[in-house]
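Chemist: Annotations for this protein, taken from Swiss-Prot, read as follows:
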| type | residues | note |
| --- | --- | --- |
| SITE | R26 | site 'Transition state stabilizer' |
| ACT_SITE | Y31 | active site, proton acceptor |
| BINDING | N83, H89, D96, L110, S111, R120 | substrate binding site |
| ACT_SITE | H109 | active site, proton donor |
Amino acid sequence: MKNRSLALSQSILVLHGPNLNLLGVREPQHYGRDTLDDINRRLTQQAKAAGFSLSALQSNAEHILIERIHQCLDDGTAFILINPAAFTHTSVALRDALAAVKVPFIEVHLSNVHAREPFRQHSYFSDLALGVICGLGAHGYELALAHAMRHLSAQA
């Protein structure tokens, strides 16, 4: 990394939408056996090893996710990884919050949404996202984080 002290000042936010607190239990054929704690622990270690700070929030409530996105205007969040889960297909409000704060983000989905029910194939976020990763299970989060850190390092 070019400037480790700059990276340390850069914070990455991971947002997990509804029902992701049930990972490891809910439909493992689609979402895998990793728990949300497993995923967050690996992401925190990956970010720390590269000199970045990372925070994560899971909520089943749309307004809590929106309020956390709004906080990015004041807290120095440099990048967002978001798995909007079911809000992917329904939440214009969450989309508007991401558009308003202008923090780059990657949309992550554990399952391949394009191989599932038709209603899961529409996203209100993809056209705003720097990228979209789906169908790679929990590893998709790690790939998204690696790209976020590379993106932030290139901006330095």
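Heads up, the Cβ atoms here are built off N, Cα and C, so glycines get one too.
These numbers come from a predicted model, not from an experiment.
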Chemist: Measuring Cα to Cα, how far is N83 (substrate binding site) from H109 (active site, proton donor) in Å?
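Modeler: Cα-Cα distance, N83 (substrate binding site) to H109 (active site, proton donor): 6 Å.
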Chemist: Given the recorded positions R26, H89, H109, which one has the fewest other C-beta atoms within 10 angstroms of its C-beta?
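Modeler: Comparing Cβ neighbours within 10 Å for the recorded positions R26, H89, H109, R26 has the fewest.
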Chemist: Nearest of the recorded positions to H109 (active site, proton donor) by CA-CA distance, picking from R26, H89, D96?
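Modeler: Nearest listed residue in space: H89.
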Chemist: Specify the count of other C-beta atoms within 10 Å of the C-beta of N83 (substrate binding site).
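Modeler: There are 26 such Cβ atoms around N83 (substrate binding site).
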Chemist: Between L110 (substrate binding site) and R26 (site 'Transition state stabilizer'), what is the CA-CA distance rounded to a whole number of Å?
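Modeler: One finds 12 Å between the Cα atoms of these residues.
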Chemist: Between S111 (substrate binding site) and R26 (site 'Transition state stabilizer'), what C-alpha distance do you get in Å?
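Modeler: S111 (substrate binding site) to R26 (site 'Transition state stabilizer'), Cα-Cα distance: 12 Å.
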Chemist: Taking only the Cα atoms, work out how far D96 (substrate binding site) lies from R26 (site 'Transition state stabilizer'), in Å, as a whole number.
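Modeler: One finds 29 Å between the Cα atoms of these residues.
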